[in-house]
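Trainee: Handing you this structure, nothing more for now.
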Amino acid sequence: MSFTPGKQSSSRASFGNRSGNGILKWADQSDQSRNVQTRGRRAQPKQTATSQLPSGGNVVPYYSWFSGITQFQKGKEFEFAEGQGVPIAPGVPATEAKGYWYRHNRRSFKTADGNQRQLLPRWYFYYLGTGPHAKDQYGTDIDGVFWVASNQADVNTPADILDRDPSSDEAIPTRFPPGTVLPQGYYIEGSGRSAPNSRSTSRASSRASSAGSRSRANSGNRTPTSGVTPDMADQIASLVLAKLGKDATKPQQVTKQTAKEIRQKILNKPRQKRSPNKQCTVQQCFGKRGPNQNFGGGEMLKLGTSDPQFPILAELAPTAGAFFFGSRLELAKVQNLSGNLDEPQKDVYELRYNGAIRFDSTLSGFETIMKVLNENLNAYQQQDGMMNMSPKPQRQRGQKNGQGENDNISVAAPKSRVQQNKSRELTAEDISLLKKMDEPYTEDTSEI
């Protein structure tokens, strides 16, 4: 006796479109003999073995008894643990729970920029001895096929399951026994379609998402589900990011223009609401360090709250309640130094506060906190002292160390005796010349 999934062995009759029995109608199974309203949409052609896809993708020549499992993350393998992976079907005993999952490579679509993008594949289940690989033995290594069977099933014989006739047999939403682990990066299709349609990708995606949510909700009201379906919100978000070509785990690259926009956005906030980071430093947010702003030095001034040591300091920061109720507050009116003289002057006030944060050595991370505080409190004084120190004389290239204090003395040419201005005793010749210089000048009138 052959078994029909979704029907008890005592009753093999078809009851048409049933509701509330855990079975969904395929979206393209329109009864041509009845007057069915299409709500303004054209009737979709029925998928057959000879159907061709215009944009690539292989054809699903056989109808699966169950809704598919769609991949939404690239690089994830489709696999089940041993003894798992066979969907639950009323009327099918555990001895017949054997078969394989068949990978359907879906069609591609054109993006807004004109590029072709391939949809991720969808997997469908077929009982052993049915479907596109009906003649293959269980466990045969075939690309795009994953074999599954329950522990009670004999995989050496085909399953005694009839092929599904879409005109009379309805598709069953895929559900698994409790404890089944769904492959990571996949979700169960709730629309109940075993073949792709010719509608646009955006309409198909939105309809599949909404229909999937409804089918899972209805399934939960009928019978307890196995808990193997991942969170649909995360799935849809990851699927949308994959459609847009973005990776949720990839960090965003910060360009100069982006950094400028972030810095301007921070500076537009009130002073007490700013949070310095790599794009907007401490000095840009709050000014230079000094007696009234004496915290921060080194890397912390550059990184601000992005510094790896900052989170442990943030544990000491008071809450809003502690700030207002645990501090001494004073309201003072100050001079408005901003704006032009032609503009109306605004009244500016300062809420001045004075308080303390008390902690002891039992605080978690006490030693690290003390180390960070000692490195950053009044660090500006050390930096100013280093800037005021005279620069160390640099050694000339080619000179060796240990030459003494005369290393930096320039060597000039030796001076003459006149330049040296050294005194010496007059000689007899010098005295004779001096006497001649003292005698009066007389003109020589002798004739030659």
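Yeah, the Cβs are placed from backbone N, Cα and C, and that goes for glycine too.
Remember, it's a predicted structure, so these values are computed and weren't measured experimentally.
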Trainee: Could you look at Arg117, Arg122, Arg175 and say which one Swiss-Prot places alongside Arg106, Arg164 in the RNA site?
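Mentor: Of the residues offered, the record points to Arg122.
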Trainee: Return only the integer: C-alpha distance in Å from Arg122 (RNA binding site) to Thr427 (phosphothreonine).
Mentor: 121
Trainee: Mind checking which residues reach the region 'Disordered' (266-297)? Cβ under 8 Å, same chain, six or more beyond either end.
Mentor: 254, 259-260, 303-306, 375-380, 382-383
Trainee: For Thr174 (phosphothreonine), which DSSP three-state class applies?
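Mentor: In the DSSP reduction, Thr174 (phosphothreonine) maps to coil.
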Trainee: Using only C-alpha positions, which one of Arg106, Arg164, Thr174 is spatially nearest Thr427 (phosphothreonine)? These are the recorded positions in the record.
Mentor: Arg106
